[in-house]
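Below is one structure, written out as structure tokens, with a few remarks after it.
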Amino acid sequence: MAAPGKVAAFRLPPLPTIGEIIRLFRLKAQKQLSQNFLLDLRLTDKIVKQAGELKNAHVCEVGPGPGGITRSILSAGVEQLLLIEKDARFIPGLQMLSEAAPGKVHIVHGDILTYKMEKAFPKHLKKNWEDEPPNIHIIGNLPFSVSTPLIIKWLENVSKRDGPFIYGRTQMTLTFQKEVGERLTANPGGKQRSRLSIMAQHLCTVENCFVIPGQAFVPKPEVDVAVVHFTPLVQPKIQQPFELVEKVVQSVFQFRRKYCFRGIETLFPESGRLKRTEQLMMTANVDPTLRPFQLSMSQFRNLCNAYRKMCDEDPSLFVFNYREELRQKKITRSLPESPGQPEQTEEENQL
């Protein structure tokens, strides 16, 4: 019996092990969905611990699969747990967990990439963006095939303060391939510094918590897995629209082994390209001979601010698409009345 004035800790009743659930429902990881099961509940507890204090919290778990992390979340004493699972084979096992925790679990058979998170949690949990994060968490052992597009989607939601971030600065604890985790947290000059580093770090505090060896999963993936924690920043480090930041950052990293001005050039049409590139680099005060991975966050901010000013002066700039320009040139070269045109350049092949 609980001591007077204290709420008894929630405990799941005895349940089949995750391994037994897999055998009971004849579950098999599907390679085309990049599924990998984590059976060690000590590791699932460790992942959930990285999310912070979950007592009485509202949690959305992405892709719970056979329910290993789900058990650890429920054992942490959450108020409500929303499970979003795309693969119908896992639903019966999750329903068993739901029955073991009456009133706490809501299961959605759907795709997290299209699920509308704006109405996933009660309205009273909303916090102002400047306040402490709401008592809402997103947790997930993500399939490798969706992890990068999903975090980019959520980073855009952070920028626009919609989706799961309509409630405030909702925190996320997610798994990625170790290499992706390193990219998300890479510092300037690091070999893993990439587009993902800038897009994540200008919007969130990103922490690479720990690495799970591949052999802990069934089936064993060819790579180790990183657990990464995200807390949205009150003020983004680059205060420009998400689409503009993404375009500049993507352009810079198109040729990561070349000087950064080579990627910057792709922001501009061929006519006047060199002059405009020089203008942008000078306004942003960025050394054109730096490599993309050497640029600091403040240098990317300067580039985005300078590019925004140029777009305001010439709105056609923002809709310019370098790849489309290359495609049109390729079509022109292939026409019979255009003999003797040069072959594709190294840059065109790389793109």
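Positions of Cβ are set from backbone N, Cα and C atoms, glycine also.
Annotations in TrEMBL come from automatic prediction, not curation.
Keep in mind it's a predicted model, so treat the numbers as computed, not measured.
Here is what TrEMBL records for this protein:
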type: BINDING; residues: N36, L38, G63, E85, D111, N141; note: S-adenosyl-L-methionine binding site
type: DOMAIN; residues: 43-234; note: domain 'Ribosomal RNA adenine methylase transferase N-terminal'
type: REGION; residues: 331-351; note: region 'Disordered'
In whole Å, could you give the widest CA to CA gap in the S-adenosyl-L-methionine site formed by N36, L38, G63, E85, D111, N141?
21
Of all the binding-site residues given, N36, N141, which residue's CB has the most CB neighbours within 10 A?
N141
Do any residues at least six apart in sequence from E85 (S-adenosyl-L-methionine binding site), in the same chain, have a Cβ closer than 8 Å to its Cβ, and if so which, in order?
G63, P64, G65, I91, L94, I107, V108, H109, G110
Have a look around D111 (S-adenosyl-L-methionine binding site) and count the other CB atoms within 10 A of its CB, chains all included.
12
Segment-level pLDDT (mean, integer) for the domain 'Ribosomal RNA adenine methylase transferase N-terminal' (43-234):
95
Which number gives the other C-beta atoms within 10 angstroms of the C-beta of L38 (S-adenosyl-L-methionine binding site), all protein chains shown included?
21
Cβ neighbour count (within 10 Å, all chains shown) around G63 (S-adenosyl-L-methionine binding site):
23
